Amino acid sequence: MAKGSQLSQLKSALSQAGITGQQKAGKKRKRTNSQEKDKDKRAAKLDEIQKKLNPFDTKVTKLKHEVGGRKLKGVTGKPSQSKQAGIEQRKKTLLVEYEDKGRAGGIVDRRFGENDPSMSLEERMLERFTRERQRSSRATAFNLEDEDELTHYGQSLSKFDDFDYSGLRLEDEDEEDDAGQAQEKHFRGFSDDEDDDENDQPERKKSKAEVMAEVMAKSKEHKFLRQMERQEEDNVRHELDQQFDSLRDLIYAPDPLASGSNSDPLGSAPKPIEIEANNDLDYDQRVRELAFDARAKPKDRTKTEEEVALAEKEALEKAERQRRKRMLGLDESESEDETGRPKKKKRRGGDDLEDDFDDGEGWDGIGTGLGGEDGVAGEVGGLAGSGDDSGEEEDEDEDEDGQISDGLDDSEESEVEGDHENLVKTTKPSKSKSKARDKELPFTFPCPASHEELLEILDDVDDKDVPTVIQRIRALYHTSLAPDNKVKLQTLASVLIDHLLYISTPPDPHFALISSLLSHLSALTRAYPIQVAEHTVAKLSLMHKNLRRGLSRGPLDPSSKTWPGLPELTLLRIIGATWPTSDLHHAVISPTRVLMGAYLGLARVRSLADVASGLFLCTLFLQFEQLSKRLVPEAVNFAVNSVVHLAPTGYASVEALPGAFPAPDFRSELCRALALDVKKAKGKTVVPKADLASLMVNSDVPNEEGKLQLLILAVDLLGRFADMYKGIDGFIELYAPVLEILLHVKEKCGSVAVLQTRLTSTTDALKRLLKFAREARQPLLLQAHKPIPIPTYIPKFETTKSSYLRHQDPDHERNEASKLRRQYKEERKGAIRELRKDARFLAGVEQKKQAEKDRSYSESLKKVYGTIQSERAEEKAMEREKTKDRKRSGRK
């Protein structure tokens, strides 16, 4: 190619190829075939020239060693063409998928020639018309049910008779037979031999006319059968219509027991129903009759919570009014107005002469102005007014709570000093205020604002009726009935806690009543958790203060109350039943757990009541940690100490005890009397469960049965704690000394059968658990890591120089595996490369779309700005014109 600029090189290349320059003179005969060849050659030359002018279109990979005659793939490449081909391919596949990505469905345009730009509109319409005619002709070629007539050689097939080609004629037709058919019938004789010869020959192929005649005959036969079936169905329907009138006479027959103008008298013959000729009039009459039928009534809808509470309150108030009427001896059937008050009876006037006898209904024995309706209204009004005074009592209760909270904020010295404070006051209401015992339980009660008011309400109520009273109070003062009921129910929850502590106070605790009231307290706790939690935490703080006061007086002093009593244990049990105990941090459970641990860890054992209280705390810990399985060493330690205190052992001092758990009260003067006398307990075979109330109240009286009950309970708790803590890492160190102590106690108490049975089952379980724990324990190991190889400096010699042999493995399987890994690596690289190209292509498409959106948005903004500016210009021009007009008018 000539040197110079790109233009000069292009001109020289075109002239050398013969594309430009002077053409050869002379006329030549033109042919279409030669012209097409010339065009192809010309295009090939132009393509070659273009490639030579742009050397960057071809990429050549330089070979390290050229070998003659060797052909390698990929030496020369055309990156621009391959890139363009890839873009075009992505436009056809990836771009279409990307555009259809958000579509839930679509319509594919399958019209002929719609996507063909080379066809004009007329050509498309003509081709579509042709295709439509072909499709319709194919669809109706053999559709015998269609109205179009079939033709054969230009004649309609409907004009032919079905028996024309079978040699039969109708009787009324006078057509003559063909000459060939007559000759065949008259002179060939219709012999049987000829028929046999014809049967031996193969069946000849039917002509098109015969086939069409047979098809049409079958079609007419099917059509005739369908017509017959349709006619039969119409006949059956007509018969049913005729019989409907008689059926209607049976349905709408008049009731013989009814009387009136619309019913026939008894014994009269039924009137015949006249059948109207016009069916439309019958239909209209039936529709009018249906309009007078009774419509279905809707069922009662499901009531909301507020509506249910209101209905319960109204039912209780109505029942209370009826009860008071029965108490006063009034008639229960007296009608009441809408407000629920009884209507006044009409007084008898002077002209009322119906009856001169006075039965004394209006006289109650105390005079006309002192009883009756006014007394009922006064009592109902007093019952309603008692609820209004609850606000003042709530203020007093809040003042008392404030005093308690102020007392909790005192200094540490004031907490240590002072006497033991009870959780709830045990003052009972005076009997002078109590009413006479009713035979029937009232239905309405005022909401108590303090524990004293609740005691006044429950003064003459049996224990079995107390849950009913609480339920009726909750129903009467539901939150949705009045805005102040929420505060009243919150106060009721605190009062209910105080009452549960009150009824658990010795000497006569009511544990059955506590269980029945626990459901109401749980419901109030779920409804108002914050207020109930504050009241509960205040009680816990008071218990902690009492513990500190008892410890300051001396943990071994019998008069100091360092262990919780029955009310305190009842409160702890209620907390475990109403609050989630598995939480790690909880506003109520966390201080409760700390307080129980302080009781077990700091208090000293002095009597059998202390052991009973401590074992009950261990039972509560077992319940609290059932899900979380957190280790409580104080509970296990106290259970072991209880076994050591109650069971006869041969250990002389604390140092002789196995293990390292603390036992400060072992062999003390107060605990020596707690040991079980084996001789007295030898003959007992059945021991009931421990009675906590009797053990804590009558702890001063020596009771061998109580000691045996507590010892069995302590052994049982050790077995349950072992089953709960069997998964911890230090289970062996925790329970190995416990097993040794239990085995020692088993040897000493062999004569007590009940205790021996319980100790045997517990020790067997502990042995099995310790065996599994030792088998599952693995010794500590260093951190496992890959071994570090020792460096070597021996040179590596290669026996061959061939790279082919170097990469070949003599093992066939390893060689195939390495090939597969190499192919996988290449395919993975190729896939990553294609994915990156796809992402780059989609990013370009997104950029184009965004640029188009920006352009359209800017154009729309420009149009809006233009219209606004033009409108503003017109407005200013009008303003200038108006100003000029005003000036002109002023000059004039």
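In case you wondered, yes, glycine gets a Cβ from its N, Cα and C as well.
Annotated compositional bias 'Low complexity' per TrEMBL: 1-18, in sequence order.
The region 'Disordered' feature in TrEMBL is assigned to 1-51 (among others).
Listed by sequence, the residues of this chain that lie at least six past the ends of the compositional bias 'Basic and acidic residues' (33-51) yet keep a Cβ under 8 A from its Cβ atoms are 10, 13-14, 17, 19, 57-58. Annotation source TrEMBL lists compositional bias 'Basic and acidic residues' at 33-51 (among others).
The region 'Disordered' annotation in TrEMBL covers 65-91 (among others). Same-chain residues lying 6 or more positions outside the region 'Disordered' (65-91) and placing a CB less than 8 Å from one of its CB atoms are 56-59, 837-838, 841.
Taken from TrEMBL, the feature region 'Disordered' applies to 128-212 (among others).
The compositional bias 'Basic and acidic residues' annotation in TrEMBL covers 201-212 (among others).
Here the region 'Disordered' (218-237) has, by DSSP, the following mix of helix, strand and coil residues: 20 helix, 0 strand, 0 coil. What TrEMBL lists as region 'Disordered' is 218-237 (among others).
Among the features that TrEMBL reports, region 'Disordered' is placed at 255-439 (among others).
The compositional bias 'Basic and acidic residues' annotation in TrEMBL covers 283-320 (among others). For the compositional bias 'Basic and acidic residues' (283-320), the DSSP-based tally of helix, strand and coil residues reads 25 helix, 0 strand, 13 coil.
Residues or ranges marked as compositional bias 'Acidic residues' in TrEMBL: 352-362 (among others).
Annotation source TrEMBL lists compositional bias 'Gly residues' at 363-385.
What TrEMBL records for 389-416 (among others) is compositional bias 'Acidic residues'.
The region 'Disordered' annotation in TrEMBL covers 805-828 (among others).
The compositional bias 'Basic and acidic residues' annotation in TrEMBL covers 806-828 (among others).
Under the heading compositional bias 'Basic and acidic residues', TrEMBL lists 844-862 (among others).
The region 'Disordered' feature in TrEMBL is assigned to 844-892 (among others).
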Per DSSP, what is the residue count of the compositional bias 'Basic and acidic residues' (844-862) in each of helix, strand and coil?
19 helix, 0 strand, 0 coil
